[in-house]
Amino acid sequence: MKRVFNFNAGPSPMPLEVLEAMKEDLTNFKNTGMGITEISHRSKEFQDMLDETKDLLRQLMHLSPDYEIVFIQGGGTMQFLMTGYNFLHTRAAYADTGVWAHKARNTAAFFGETYDANSAQDKDYSYIPDTYDIKDGTDYLYICANNTIYGTEYWKFPEVKVPLICDMSSDILSRDIDFNRFDMIWAGIQKNLGAAGVALAIIKKSLLETARTDIPEFLQYQTFVKKDSTYNTPPVFCIYTLNRMLHWIKNMGGLKAIEERNKVKAALIYDVIDESGGFYRGHAEKDARSRMNITFNLANEAMEKDFVEKAKAHDFIGVKGHRLVGGLRVSLYNAVTPEAAEALSQFMKEYERVNG
Ligand code: PMP
């Protein structure tokens with residue numbers, strides 16, 4: 001069986017050992033004689049798996065009992081809508097660090113006033129602003145922890161008096177941070193934690209109490225909490241992949257160990273960029289560099305195209321930048337191995353030697 005080096009930005013790789021172990025569950029989950037996609041979401045087997053998934057999240061994130069955890073279909077884009085619909089009563093602040101935060105703001109604008117608490121647009125989203133302009137009567141500040149397209153990541157979170165809502169889609173459980181400082185964290189699982197098709201939302205009870213209840217039932221976070229994410233048929237398989245990934249993270253030694261591994265991987269690539277004398281030009285400012293998505297450019301588009309083609313010929317997949325910004329992007333989510341990062345760093349050095 002041939003496996004390539006997969007640096008896709010999401011969906012993205014899962015650990016081979018997890019995929020291998022899933023095979024058995026596809027035909028016979030927990031000795032039910034049914035595969036995971038065949039069991040009922042009202043069965044004890046599903047409920048046990050759901051409970052365990054929430055417990056694992058609580059353990060790994062050291063979450064206080066003040067939080068509810070729910071699983072919702074519709075990906076990240078549904079969360080742009082639900083955060084605004086549920087929590088925007090008067091006005092909401094958004095940190096403008098790029099496309100995904102901006103999309104969230106635009107969607108929330110259907111429900112009330114939205115404004116940018118800051119913006120990194122002036123430098124092409126290459127940094128994370130560290131001041132916040134919060135107007136009176138603001139319901140929440142919304143940030144995007146890791147900007148998948150630009151390759152920037154927060155290393156210092158805002159200290160503000162309003163509730164803090166954070167999109168962690170592209171760096172959730174990649175590092176050991178204080179998750180209890182957020183009022184809400186949500187994340188699509190398709191990058192660091194499993195198969196595309198579900199987002200997890202972790203909501204502080206005090207924020208949940210402020211959620212609107214005069215909106216369609218299915219779009220209320222309260223509904224998902226009250227019905228334990230099974231108001232309707234949940235994405236059983238996606239939740240199962242999340243469960244498997246959480247076990248894997250735990251077996252790897254938890255978030256501290258995962259963070260160390262991710263540091264090593266990112267350093268391998270950033271070192272090549274920094275030592276290339278400008279052959280590779282990193283997009284993000286150094287103190288805002290993402291460990292998950294490394295964005296950089298070559299001298300011109302033709303060379304970038306050539307790099308992508310040569311990389312592909314060597315089984316390095318997914319290194320093309322996002323279509324909105326071009327350039328190159330290497331995503332190093334949890335399941336990407338240090339060996340894959342090492343192999344790519346060698347390829348980059350060789351490419352520079354030949355073309356530099
Ligand atoms: N937020 C972030 C940080 C993302 O990277 C993405 C998608 N790449 C989204 C939100 C949107 O997620 P989805 O495609 O699941 O709607």
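Backbone N, Cα and C define each Cβ position, glycine as well.
In TrEMBL, annotation is done automatically, which means it is predicted and not curated.
As the structure is a computational prediction, the values presented were derived from the model and not from experiment.
If you check TrEMBL, you get these features:
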BINDING   ARG42  L-glutamate binding site
BINDING   GLY76, THR77, TRP100, THR148, ASP167, GLN190, ASN232, THR233  pyridoxal 5'-phosphate binding site
DOMAIN    4-344  domain 'Aminotransferase class V'
MOD_RES   LYS191  N6-(pyridoxal phosphate)lysine
Among THR77, TRP100, THR148, ASN232, THR233, the binding-site residues whose C-beta sits under 6 Å from ligand 1: THR77, TRP100, THR148
Sparsest-packed of the listed recorded positions (ARG42, LYS191) - C-beta count within 10 angstroms: ARG42
Nearest-integer angstrom distance between the alpha carbons (Cα) of GLN190 (pyridoxal 5'-phosphate binding site) and the residue listed as 'L-glutamate binding site': 25
Local Cβ density at GLY76 (pyridoxal 5'-phosphate binding site) - other Cβ atoms counted within 10 Å: 23
Largest tally of Cβ atoms lying within 10 Å of a Cβ, found at which of the binding-site residues THR77, THR233: THR77
Three-state secondary structure, THR148 (pyridoxal 5'-phosphate binding site) (per DSSP): coil
Length of the line joining the Cα atoms of THR148 (pyridoxal 5'-phosphate binding site) and the residue listed as 'N6-(pyridoxal phosphate)lysine', in Å: 10
THR77 (pyridoxal 5'-phosphate binding site) versus LYS191 (N6-(pyridoxal phosphate)lysine) - Cα distance in angstrom: 15
Averaged pLDDT, computed only over the residues in the domain 'Aminotransferase class V' (4-344): 98
Rounded Cα separation (Å) that holds between TRP100 (pyridoxal 5'-phosphate binding site) and the residue listed as 'L-glutamate binding site': 35
THR77 (pyridoxal 5'-phosphate binding site) and the residue listed as 'L-glutamate binding site', distance between Cα atoms, whole Å: 27
Nonlocal residues around ASN232 (pyridoxal 5'-phosphate binding site), in sequence order (Cβ under 8 Å, 6 or more apart): PHE218
Nonlocal neighbours by CB distance (under 8 Å) for ASP167 (pyridoxal 5'-phosphate binding site), same chain, sequence gap 6 or more: GLY76, GLN79, TRP100, ALA101, ALA104, TYR142, ILE143, CYS144, ALA145, TRP186, ALA187
Assigned element (helix, strand, coil) containing ASP167 (pyridoxal 5'-phosphate binding site), judged by DSSP: strand
